[in-house]
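Participant: Provided herewith is a single structure, encoded as structure tokens, for subsequent inquiry.
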Amino acid sequence: MALAHTLGFPRIGRDRELKKAQEAFWKGELDEAGLRAVGRQLRAAHWQVQKDAGIQLLPVGDFAWYDQVLTHSLTFGVIPERFRAHGEAGPTLHTLFGMARGVSDDSCCGGAHAQEMTKWFDTNYHYLVPEFSADQQFQLSWEQLFEEVDEARALGHQVKPVLIGPLTYLWLGKGKGAEFDRLDLLDRLLPLYGQILRRLAGQGVEWVQIDEPILVLDLPQAWKNAFERAYNLLQSEPLKKLVATYFGGLEDNLGLAANLPVDGLHIDLVRAPEQYPSILDRLPAYKVVSLGLVNGRNVWRCDLEKALEVVRHARERLGERLWVAPSCSLLHSPVDLEREDGLDAELKSWLAFAVQKCREVAVLARAATEPEAAEVLAALEESRAVQASRASSPRIHKPAVQARLAAIKASDAQRRSPFAERIARQRAGLDLPAFPTTTIGSFPQTSSIRLARQSFKQGKLSEAEYIEAMHSEIRHAVQIQEQLGLDVLVHGEAERNDMVEYFAEQLDGYVFTRFGWVQSYGSRCVKPAVIYGDLSRPRAMTVEWIRYAQSLTDKVMKGMLTGPVTMLMWSFPREDVSREVQARQLALAIRDEVVDLEAAGIRIVQIDEAAFREGLPLRRNAWPHYLEWATEAFRLCASGVRDETQIHTHMCYSEFNDVIESIAAMDADVITIETSRSDMELLEAFEQFDYPNEIGPGVYDIHSPRVPSREEIVALLRKAARRIPAERLWVNPDCGLKTRAWPETEAALVNMVAAARELRGDLARG
């Protein structure tokens, strides 16, 4: 049979045991021995569950105390000086967690800010960015991989250690201090890979998996050349090497990847099925080919019959050189569907989490040589039934939604008048001062708010009691905003647990799991909603809350919604229709809410698109299509209102230059953005492009409890006014205030309002 393996398995545990142990350790409630014991138990359980599912070659090194890239940084001794404790022989778990979370001023190292965290390719997982210096030295400093190999082998498992490849590791990092080329570090780093491979060989390992996902990116020629050089140098080291690529197709890097002097290549045939024939044609006859046929980053069952066609063909071509795997590490999948005892039976039958995906991989591998095995035939029959159910289910396919999609006209995604005409009407109707002040939407989520929501869900509060509790919070938020002198108010979002989940719970076509947790970073786990069918809004979602808030004040109240692209990006999407179609369905549902808010007397509606840039494909040549449908989806949800109704959007990225034209194409009347940490430098993109609409650059960082002074905010606003005409500037924080406490929130907003008034004085004096 073909060999069944996985590239990695979720590390958090079926019941998020790792999260609970991490947080107990950080609070001092669990000692290091206790934390390490939890890690051992989880690793043993995860290896065994994969083995029981039919996986023959088990990954080791996919477990991490916080993040796999951070683990590699410790392994290679890439530890910034601020985290080095004087007198310690080497890094400890305290070092690791300090790099991830920062170190307080009273620790042994003194205060040290955490390393930067960013998205792992185009997933919703985040990694800790390695910090390199021009004189960076590498040395083996962390024994975790070798200890875990011994651990797994002692349990009788056949193992495949997992390493992030040298080129990908350098690509993921950033240079600190004097400018230098990270590739200059390669010759210093490669000897460590040699040491690691030799030590693993000494432990009895036969195969090692070397992850090089940057091979699916647009690589500069220097990096392509470096691949050949690096793997030529590693060729002489012991062990068979499987280079793993995922999250996309190799495209122009296909020849490079196929000809690397290694023993096998893993390719993602979920994201890029079209690369399969070319790989088989280009790969040397001695190499193993690992086919990623089961989606490692979604929750749907594999169409086994369709996948088996590829397996049969590959078996004929490759014989014993065929391996079968998920498309990528199962880190991005929830752990075990069996925990979901509350899910509707039909819906549950369509799903597969990590454990179930392992079984699918094993069935496909066995089917390569034993197509008539009872287990294979039963699995194929079950898969056919699932695919037939999904193809015909009226729960998925809704004629009314499809008819509405088909009826969309180009004019539906355009405001009635150009911005210049709209803004004149809006200014006349809203009658706001120069430098109008507002917030991004949410106010502090106190323990009393969370308790009220929890009690309502558990049936301990009646609906009337819950509504009154939320009304009380809204009254409090409105009263404080009026006292502070803000110009455009918000209701505070007390009723919302999450900016996606709140809306998804009220839309047809979404379902929620109880245990579908995936790791976002460290101990933070998220439970994305699942889009299973055509999406529609059965009733208004926010109107009553906003209408109540508006009834409390004569000032302008802003409605708050989450945009279609963000809803899509932070959910598990369908696989049977495109992301573009799902975004349009969401846009129509949100459009109805925007229109209803306008009818309720709400004159400003904010539609947040926090994930707009996150949706960009990994390859630049795919950007135009994505940006076209993503901007159209925003305009579709925002364009059903009169010119007098002002549409805001909020984005929180650190880079706008390469998408500024698309942001302008969204045609929001006002965009609020995160700029305080860049000292307003991000506004350069809007200045150079001559962005035509109004802008609210964030004037203070909400991620810090620190209260900015009036003088600081004034300085930032004056800097902004040198780039953007004063009449087009709004004044607001960087982001929502959900995670802050009320005292610091009020203190910061007092200074923000005072700063805006000072700028108005400047303007009046000319």
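The backbone N, Cα and C atoms fix where each Cβ goes, and this holds for glycine too.
Look at Swiss-Prot and you will find ARG16, GLU17, LEU18, LYS19, LYS119, ARG524, CYS525, TRP570, GLU614 tagged as 5-methyltetrahydropteroyltri-L-glutamate binding site, backed by sequence analysis. The annotation L-homocysteine binding site is assigned in Swiss-Prot to ILE440, GLY441, SER442, GLU493, ASP608. Per Swiss-Prot, L-methionine binding site is recorded for ILE440, GLY441, SER442, GLU493, ASP608. What Swiss-Prot lists as Zn(2+) binding site is HIS650, CYS652, GLU674, CYS735, and the listing cites sequence analysis. Per Swiss-Prot, active site, proton donor is recorded for HIS703, and the stated evidence type is sequence analysis.
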Participant: What is the nearest of the binding-site residues ARG16, LYS119, GLY441, GLU493, GLU614 to CYS735 (Zn(2+) binding site), using the Cα of each?
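Facilitator: For CYS735 (Zn(2+) binding site), the closest Cα among ARG16, LYS119, GLY441, GLU493, GLU614 is found at GLY441.
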Participant: Work out the three-state DSSP category of HIS650 (Zn(2+) binding site).
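Facilitator: It is in a strand.
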Participant: Let me know the most crowded of the recorded positions, choosing from ARG16, LYS119, HIS650, HIS703 and counting other Cβ atoms within 10 Å.
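Facilitator: Compared across ARG16, LYS119, HIS650, HIS703, the most Cβ atoms within 10 Å surround HIS650.
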Participant: Is CYS525 (5-methyltetrahydropteroyltri-L-glutamate binding site) helix, strand or coil when read with DSSP?
Facilitator: strand
Participant: Looking at the binding-site residues CYS525, CYS735, which one has the fewest other Cβ atoms within 10 Å of its own Cβ?
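Facilitator: Per-residue Cβ counts within 10 Å for the binding-site residues CYS525, CYS735 bottom out at CYS525.
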Participant: Measure from the Cα of GLU614 (5-methyltetrahydropteroyltri-L-glutamate binding site) to the Cα of every one of the binding-site residues SER442, CYS652, GLU674, then give the nearest.
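Facilitator: In terms of Cα distance, GLU614 (5-methyltetrahydropteroyltri-L-glutamate binding site) lies closest to CYS652.
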Participant: Could you check the binding-site residues GLU493, ASP608, GLU614, GLU674 and say which one's CB has the fewest neighbouring CB atoms inside 10 Å?
Facilitator: GLU614
Participant: Mind giving me a neighbour count for LEU18 (5-methyltetrahydropteroyltri-L-glutamate binding site)? Other Cβ atoms within 10 Å of its Cβ, every protein chain shown.
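Facilitator: Step by step: centre on the Cβ of LEU18 (5-methyltetrahydropteroyltri-L-glutamate binding site), count other Cβ atoms within 10 Å, giving 25.
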Participant: Please report the number of other Cβ atoms within 10 Å of the Cβ of ILE440 (L-homocysteine binding site).
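Facilitator: Around ILE440 (L-homocysteine binding site), other Cβ atoms within 10 Å: 24.
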Participant: What count of other C-beta atoms do you get within 10 angstroms of the C-beta of SER442 (L-homocysteine binding site), across all chains shown?
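Facilitator: Around SER442 (L-homocysteine binding site), other Cβ atoms within 10 Å: 22.
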Participant: Measure from the CA atom of HIS650 (Zn(2+) binding site) to the CA atom of ILE440 (L-homocysteine binding site) and give the result in Å, rounded to a whole number.
Facilitator: 7
Participant: Would you mind reading off the Cα separation of HIS650 (Zn(2+) binding site) from ASP608 (L-homocysteine binding site), to the nearest angstrom?
Facilitator: 5
Participant: Roughly how many Å lie between the Cα atoms of CYS525 (5-methyltetrahydropteroyltri-L-glutamate binding site) and HIS703 (active site, proton donor), rounded to a whole value?
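Facilitator: The separation of the Cα atoms works out to 19 Å.
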